[in-house]
Every structure is written in structure tokens, then in C-alpha cells.
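Accompanying notes for the structure given below.
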Amino acid sequence: MTGWVIITIILILLAFSFGRRQGKRAESRNERHLDALQQAWQKGYDDALNYLGKNAAVTGRPPARAPSEPTTPEPATPEANWHAAAPSGPSAPAPSYGSAVPHQPAQQPAPAQPYLQPSAPSSAPLAQPIASPVALAAPAKPIKVLTKRERELRNINITLYVAALMIVAAGALFLSFALPPLSKLIAFFLLTAAFYGGGLLTYALKPSLRPAGAAFAGTGLALLPLCAIATYTTAGLSGPAIWLAFSAIGTVAVGYATLRFNSRVLAWVAVLILVSTAMASAAAMQRGVLYYMLILLVLSIILMILAVRSPRVRRSIFFQALFGTAQLLPAFVFALTLILFEPLTSRDMFWIFALLTAQLLLSVRLLANLRLVRFYAARASFMLMLAAGCHYLDFSGTATWVVIAFAFGIQAVAVLLYASGYRQALGLRADVVRIERAVLWGLGILAMTAAFALAPTNEESILRYVVLPLFMALSLPGLLRSIKLEAGVLAVLPLLSLVNWKEHTWSPLPAFAVALLGLSLAHHRAKSVHRLVLGHTRWVLGLVGAGVLGAAMSELTAPWYSGSIGPSIVIAALLVNLIWWAASLAQRSFLAPGTYLVHRMARVGASALIAVVLSLTLRLRSAVPNEVLPNYERVLFLGQSTLIWFMICLLLSLGVVIASGWRLTGLPDQNAPLQNVVDASALGLIGALYALSFGEDFWVLAIVVGLISLGYVLFNLRRSMDQRWKIINAAAAQVLFSSMVWWFATSLEFDIHGRFSLLLVSLGIPQLVRLAISIRSAKALRKELRFIAIGLLGGIPLATLAYGQIIGFDRGTVLLATLFFGLLGLAAFKADSALDKISRQFYLIAPSLSLVLISCIPATSLWAESGWIRSSWWSAEVACAILLVMSLVAVISEWRLRGNPKYSIAVGTAIFLPATVAAIWQEGTWWAVGAWLLATVALILMVHTRHSAWYAAAASLTLGTAIMRAVFELRQAGGAWRLESMDVVWSLLGTGIALYLLSIFHGRMKDPEPEYPEFGYRHDEAPGGASRIYFLAMLLALLLAGGIAHATGGQNWFIIGGAVVIFGVAVLVRYFELGQRLVAYAVDGYIVLAALLALTSYAQILGTPQASNMAAYACIVTVLLVLWRNIKADARLEKYYLLAASVAGSLTLLTALVESNSVAQIIGLVFFGALVAWGLKLGERLLIWWGAIAITLSILWFLRDLAFLWLVIIGMGLIAAAVFKLVKVDKQNSLPEQIREPQAPVVPPAQGPEGDGPR
């Protein structure tokens, strides 16, 4: 670890030296750049004066006069003013902005290190130029450019900081040295005192060395914690005592240094050390940290009070630091309060949050930033204080939450009443104030909800009859101002009376009555959209109130043990909802256009959704068996059971939905999208109600609802003129009819196979009849029939699969579904003559699939041996023979129908679908081999029949699969259970030979040589393109064979032979496939490939080499590449190879150090020595430095045990260099003013519309 630290430090020093050298090199360029900028600015200024002179000749105003000669710029200090002082009067010349004259008393010299002094505001008056149009504009803030001296001082400071850091790090390392503890302690104390005292003396006695003095003192302060650690490990004292002692010493030392240096940074450090001293005191006295925080909080409050009354206190540097720390105290106190929450009492919490509230309010008074956040935090602290006070006064949980709720409500009312002043004081927007009021009301409602939830039985009456009305009265100011938020609050508050609703179901009714009365009054006074929103709110609250009224009626009319409150609520709310819905439909102005129509439609939609949900609730309640609910609980509301009420409400809901659909057909023409929404919603609601009507105890209800719904859908089908809705209504009618058939068969106790067969008949026969009528009439197929046919062609297979997976396949039912599927596809193909010839072929996929299934199903053993056909008709071999015959017939049809795209998709499906089924079904037999060969023949044939070369790629894959399966069959005949890796290799080699023959037969080696096919479907020279694809597939097969043999061959000859095959493929690629531009790099690839193959062969035969050996091997290979490029006299890649070799050599040295590989170390050192020589030959400094650094670091690695000495030497050397440079800079500053380097000009930006500055 120490060695790595040394390497890191050396790299940092090298980077610093390189940066310094680059900075010096850039200085001359920077100076020339500044001179050019000054000249350009002066030229622009002169041009502006000339322009003003011409303008004065026209306007009659005297032009501004330029100075007779430019003023020599002087060095500026941070104490100097940016603007030059000029005498006032008409004779004063206009000052040139190219110079900056500092304002500084003559008897006081400029400080040597101005950046260590606090910046003081300048008292120099601004220059008064001659009255001109340019002088009328206010001067812009100039831009300061650092001088050479200031840049040098900045670099000196950085050097001193780095040196101090190294010395502190050396001290940290010195702690672990094997020396006597007392000696180390004395050395630390002496070193710390020497640095601190020397820094203060240097700063006080030698002004030119003040940066060095500050760095020395800072180093001494940084060594104080190490002195504390050394004392703790040596003296044997307790940790808190040592902490306290050294914190006190640090407080005095940093405070004194702050006063001497007048540094803001040290003031912050002094405050932090003061915090550490206080914490150490608390630890030494064994007191809690929270009490210390509270004391600091009290002190900060006292300091804030003084700061509010005294501007002098606010200007103090210590106050700024202490006040910056005090801003963090509330967060610390709150975090500690959370951590120490368990041992704290309510009285402690009260005082904690009281102090936090006072501190945050004073910070709002003193600070301009984050005032809103502090104010919100103060209010939150006040609420916590209020909760702690209630707990301390032994309030109950209900009373505490009531107090908190009223506190939130009063805040919301106060924000509403004093909104303008509140916004002006905190700079808030109106929307932010509205959000705040909403949050306050929400918190108040949550608190009141908690009060109701925690209230015991004896306090419920007080809450519902006294507390809740008073809390609702807080919304009165908002209601009088017609504000929406308070109306919403008034609508929510009655719902709180339903929380913890244990007895007397009529007790919430007064709250609901008051809320409905208030909302009605607000609705009467409101206008426009607000009136509509209030109407919706009143409607929702009325439905909830209806449920409460239903519960009260049930309690008053039913015995106490009936348990009818829940269903009574649902029934009453559903009936009121239906009555309100029907009443709104009966209004004459219901269809009036405008905004009101949208709101009425939304109300109708919400009413429909509520009706469905409540009907579902009744349906679930009425379906509970008698074993769960006793019989007396099924008589719930007004002497009727929930089943009767469910049937009544369901029929009423269906009637209102149908009435709404008919009522809303008269929408204006501009509301066509809304009409579509209405129709879709009505259809969806009818479907939902129809789904709810199914039940074993009342199965006739589903038939009645289905017939009513079917009549409504058929009526809309004949009435609608929109083609889309014709399709939708036709599909809905089919679904209703088929579902009723299914339900009727279920009610007559048909088994599942019979029900599914009847469902297929109800779906297939009507559609076949419609298609037959369309074929006979020779008319174009209507769109709704087309979509129904497509839906059935997709739905029948899915339904059959679902039926079989859930119940089990019945052979007769599956054959019936397959027959209907094929007949529907054939009939649709015949009937839909208007469809284009490509899309129309997809219908014929259904007959092909149907024939395949009809061939396979009789040969399979199904789960359920029942139904009409209970035994197999033929064996699997016969079925595979039928499938291959079907595929062969399709191949013959492909050749006979070549060039005719009318049946291309259908023929392709007929070829590959049976072959694929046979190959998958009979996998592991010669039938699968025959299927793959037949697919290969078809794909080879399609290259010629369809003029597309890309079929050759698929033919290559199927050919390889066929050969692989054939080899497996041969091996299986010999007793093998699986293919060995070499079996796969021989199969791939055979595939490569076959593909080579196909490539030759398609003209691969003919002259001129064919090209690769384009990315398109059809090609002019498809056989030639296919030959290139076959040849490429051959190369891939050989490459894969070589890779498998090389990786998994096991024996040495197989590994070496696989490598030879891979290299041979690379040679073939070079001579037959590689482009002319890449031929020049072929040997490079051969070298890399041969090296990789040799490495992998060695790793498999003799074992994986070490990382250092592999890195050295990579280095040698890259050197060979460099030599090859030099032999060829082609240096295009030589530099990159050298860089790669350098990286490999660096890795060689690093891994060799880790693995202690001396051979690799020698190789790496020899390489870097050669790299330095090669870099000298080529003149590449990067290679020279790389080699030199690598060799140097390798040597330094052996000296890594002297880390402490290295750090000390480097740190002292940096300090010496910085002091030497500082003295040199000070001497340059003391030269006569005539030979001093001119200061860079202060360049103000362009001012005014005339642009009197540089552009």
C-alpha cells in the first residue's frame, strides 16, 4: 500500500511539473494576446470618437475629446477602485477606459499579498467625462484580467497548499513508525509549535512572505489533531479529556490566527472547533448532546436578538460565521430529537420546539434567503410544540387531535383573510397560497378524522353534534366569497361523521343536512362552471346521504339482530341514483349544446358506473350461501330479500341505460365524437348488466336480460349508418346469441363438450350462411362480415385451445372446430373477392392448418377419450406420411405456379407448415430428417421460382439441421444417446462441403464473379447472389466446426486441427471475400489471429499462463506488428501498435510486480528501454517519457519503504521552491515603476445602444 502511495505522489508531481511547463509556455502567448486585445479596444474607442464627431457635426453638439496620449497602465490591487479618478470641470479630458488608476493613499504602501487582506469598498469618485451621448449611459461593471504577478502568486499558494498536505500526510505516516511513543509525541509537539509559531512570525515580520507564513500556520493547525492522536496513544488519558483539551487549544489557536490574518475561512474553522469544544465538554461531563444543542440554540437566539437591534453586531466576521452555523442548528436539533425521542418527556419536547420556533422566526426576520422555508418550518415546529403541550397537559388523544385540527383550520382561515399581506410579505404567487390553504385544510381534515377514529363511545355525540359543526363553520368565510376550496371542504367534512360509526345510524344525518343546505346556498349564488361543480358535489353528497338514510330506515324498521344495515345502504343509494338519473333524462334542456351538455353527460356516465358497481355489490350479497348467512339475514330491506331487490334494480338499471341510449341519439352533428362515446358506453353497460344477470338460482333472468339487450343491439344495427358501428353491433349480437345458447345448454345440464360444440355451431353456421349468400350474390363482401370472419378465424383456435387446456380435448369436438375453421377460411377466400390478391391469400392459411390438424388429430391420444370418436383412426407414421405428401404436393405446385404471386403465401404455408409439424412431432426419427430435407429442397427451389437470393440463407440452415439430424440418427442406431462434440464438428464439415457444391452449381467461381444480393426481396441475378450466400454459409460452417474442435476437442490433435481450420478460413476470407481496401491489413490480422490461436492452444494443452506472461506475450506480439509495418515500409498503424505495446508493457510490469515474475519484469524493462531508443529514433516525446517513467517507477518500487522520508523531502522542497519564487516576485515588485510590466487593461463591455465599448 505504501508503494502505491509513493507512485501516486510521484505521478501528481509529474503532472504538476508538466502543467507548470505548459503554463510558462502559454504566458508569452497570453501576453501577446492581451496586447492585441488592448490595441483592438483602443482602435474601437478611436472609431467611436470619430463617429461621435461626425454625428456632432450634424446635430450641432460638441464631440467628446480623446486624451492627447494614452495613460500608462499601473498594476491594480484588490483594494484599488476599478474606475480611474478624474478632475471635474469642463477642462478635464475624457478618461480612456484602457487604463485603471488605483485609488490608494500615498503614504501607505500596497500590501505585498493583497488576497490575504479583507476587501474594502473603494471611496474613489467615479470619473466625470465630458457631457456626450456616450456618457449618458451608466458605466457597466468592468471585467478584471489577472496580471502576471497575480497569476504567479496564485500558483505559489497552490504549491504551498500541496506542500502542507504532504507534510501532514508524512505526519500521519509517522504515527505508525516503530519509534518510542514519547519521542514521537515530543517530535509532533515541536513540529506543530514550530510551524504555527514560525508562520505567525513570518506573517508579522516579513510582509513579502505572508503567503508562506499563512501556509506554515495552517500546517501547524492541521497537525494539532495528529498531536491529539499521539497523546491518546501515549499518555494513557481518557478520550473525552484529550478531546476537550486539544479542542480548547485549537479554539485559542485558530481564534488568534483568525484575528491576525483577518480571514473569513479561519473564522468558520474557529466556529467549528468551538462546536467541537462544546461537544467535548458535554462528553467529559457525561451530559447528553441534545442539551448542548439546546444551549447553542439559546445562544443563537440571543445573538439573533442582538443582531436585530444592532447593525454593528451584524457586520462582525465572527457573527457571520456563527450565524451561518446557527442556520444549521434547527436541523441538528430536530435530528437529535428524533434519535432521542424515546427518553424525552413531553415537557422536554415542548421546550425544544418552542426554542426552534423562536429561532426560525428570528431567522425569517434576519435573512432574506429561504424565508418561506424557514417560515413553514417555524409553523411546523409550532404545531409540534402544540402537540407536546397537549400531551403534557394530559389531554386525551381525541382532544389533542381536535386542537391540532382547529389549529390547521384557523391557519387556513387566516391565510384566506390576510392573503394580500401574506403574499406581499413572503413574495408568494396566488396559486402557491391556494395550494397552502388546500394543504392546511387537508391536514385539518386528517386530524379531525384521527379524532373520530380514536374517540370513545361517550365522546362520539360531542364530536358529531358540537365539534364537527364548529369545525364546519370555519369554511363559512370561504363560502361567502364563493371559493371552491371551502365548498369542497364542506362536502368532505360530513363524511368524517361516518368514521368509527358504531351506533345510532341516524347521528350523521344532521351533518349531511347542514352540508347539503350549505352547498345548495352556494350553488344558488354560484355561476358558470363553479355552479356545475357545486351541483356535482351536492349530487355525490346526496348519494352518500341516501345511503345513511337507508341505514337509518333499516334500523328503525328491522329488528336489531337482522344485520340489514349494509345491504340497506346499497339499495337506498342505488334507488336514489336511478331516480336522479331518470329525472335528469326527463329534463327538456338536457341536450342543449355547450359546456352544460358535457357536464350532464359526465353525470350520466358516473351514474351508470355507480349503478353497475352497486348492482355488483347486491349480486355478491345475494349469492352468499345459506351455510354462511342464516336465512333471517337474507330478509334485509322493507321485507324483501337482497335477491329480489337485485333483480328489480338490475331490470331498472337496464331500462334506464336503454332509455339513455335512445334519449342521447339526438345530439347535434358537431358532437359526433361524443355520440360515439355514448354508444360505446351504452353497449358496455348493457354487457356489464348482462354479465351480472347470470346465476344458477335465477337462470331465467339472464335469458330475459339477454333478449332485451339483443333487441336493442339489433335495432341499433338496422338504424346505424356508420360502418364501424354496424360491425360492432353485429359482433355484439353474435356474442349475445352465442352466450345465451351456451347458458341455455348449461341450464339443461349438457356436459362441457356438448356445450362447446353447440357454441361452435352457433358461431360457425350463421357465418357460413352469410358467406354463402355473399358468394351466390356475387357482390363484394360487406365490411362487417369481413371483420366477423377474421374474428372467428382468430377466435375459434384460441377458444379451442383454452377449452382443451382447462377441460381436456375431446376428439370429436376438436375435429368439429377444425372443420369449421377450415370451411370458414375457404368460404371467406371465395367470398372476399374485393380484397387485394396478397392479403386475400391469408384466408387459405386456415384450410392448410385445418388439413394438418385433421391429419394429426386421429393419430393422437387425447386426454378425454369421450365424445363421438373415442379411438384413433391411424398411426403417427401414417400421419407423418400424409403431412410429407401434402408438403411435396405443395412443392410441385410451387414449381408449376412459378411467377404467379396470387398464391405464393398459401403455397409457402402449405409447404412449410406440414414439414415443420412433422419435424417437431417426430423429432428423433428419420421422418424429421425427411421433413428437413424437403424444406431444404423447397427453399433451394424458391431461389429460382421467386427470384430471391435470400432463400439460400434459410436453405443453408435447414441443410445443416438435416445433416445434423441424420448423423444423430446414425449415432443413435449405433447405441449412442447424444451427439459428441466431434460428431457436431463432422456434421458441420459435411454441411460445408454440401454448401460448397451448391455454391459451385450456382456459379460461384465463374467469371465475372457474382456479387452479394441487395437488401430487397426480388433480385435480377438470384442464383449468383445465392452462390455468394452459400459460400459465406460454408465459411461460417467451417469456422464453427473449427471453433468447436478447438474449444471442446479434448485431444491435442483436435485442438490443433481446429486452430488450423480457423486459420484456413481466415485465408479463404482473405482470397475470396475480403475487400481490396482491407487486403493491406490482412497480414496484421493473420499475426493477431495466429497469436490468439497459439495462446488458446497452449492454455488448453499445458494450462492457463500467468497474467504477467500473457501481458508479456501481448507485448511481444505488438512488437512483431511494429516490425512488420517497418519491413513493409508502411507506417499507417505503427503509432497505434506502439501505444498498444506500451500499454501491454505497463501491464506486464504491474502484473509482474504482483506475481513476482522476474522474467516478465526483464521483458518489460527491456521493452521500455527499446521504446526509449525507438522514441529517440522517431522523435516521439510521448514514447520517450512513457519509457522513462515506467523504468523510473520500477526502480522506485524497490525504494517504497521510505515513504515518510519521501513525503518530507518533497514537501520541504516544494516549500523552498515556493519561498524562492515568492522572494523573486517580491523583488520584481520593488523595481522602479517605469520598468514594471504593464498591467492588462480593464475591459468594460459595450454600453448603450450606440456601443461605446469594444464589441
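Residue positions begin at 1 at the first shown residue.
Backbone N, Cα and C define each Cβ position, glycine as well.
The annotation transmembrane segment is assigned in TrEMBL to 6-23 (among others).
Sequence annotations record features per position, and here TrEMBL assigns region 'Disordered' to 57-126 (among others).
Look at TrEMBL and you will find 77-126 tagged as compositional bias 'Low complexity'.
Feature annotation from TrEMBL assigns transmembrane segment to 266-284 (among others).
The transmembrane segment feature in TrEMBL is assigned to 560-583 (among others).
Among the features that TrEMBL reports, transmembrane segment is placed at 604-622 (among others).
The feature transmembrane segment is assigned by TrEMBL to 642-662 (among others).
Residues 598, 601, 605, 608, 612, 615-616, 619, 650, 653-654, 657-658, 660-661, 664-665, 667, 702, 705-706, 709, 712-713, 716, 725, 728-729, 732, 736, 739 of the same chain, all 6+ positions outside the transmembrane segment (674-692), place their C-beta atoms under 8 angstroms from a C-beta of that stretch. TrEMBL lists 674-692 (among others) with the feature transmembrane segment.
Only residues 6 or more beyond the boundaries of the transmembrane segment (727-746), in the same chain, are considered here, and those with a CB under 8 A from a CB of the stretch are 683, 687, 690, 694, 699, 702-703, 706-707, 709-710, 713-714, 716-717, 720, 754-755, 758-759, 762-763, 766, 783-785, 787-788, 791. Per TrEMBL, the feature transmembrane segment maps to 727-746 (among others).
Positions annotated as transmembrane segment by TrEMBL: 752-773 (among others). Below 8 angstroms of C-beta separation, residues 734, 737-738, 741-742, 745-746, 781, 785, 788-789, 792, 795-796, 799, 803, 807, 810, 812-813, 816-817, 820, 823-824, 827-828, 830-831, 864, 866-867 of the same chain, each at least six residues beyond the ends of the transmembrane segment (752-773), sit close to that stretch.
If you look up TrEMBL, you'll see 785-806 (among others) marked as transmembrane segment.
TrEMBL lists 812-829 (among others) with the feature transmembrane segment. Within its own chain, the transmembrane segment (812-829) has Cβ neighbours under 8 Å at 753, 756-757, 760, 763-764, 767-768, 771-772, 775, 781, 786, 789-790, 792-793, 796-797, 799-800, 803-804, 840-841, 843-847, 849-851, 853-854, 857-858, 862, 867-869, counting only residues six or more beyond its boundaries.
Annotated transmembrane segment per TrEMBL: 1029-1047 (among others), in sequence order.
Look at TrEMBL and you will find 1079-1101 (among others) tagged as transmembrane segment.
TrEMBL lists 1234-1255 (among others) with the feature region 'Disordered'.
For the transmembrane segment (1079-1101), the residues of the chain that approach it from at least six positions outside its boundaries are 1046-1047, 1052, 1055-1056, 1059, 1062-1063, 1066, 1070, 1110, 1113, 1117, 1120-1121, 1124, 1128, 1130, 1133, judged by C-beta separation under 8 angstroms.
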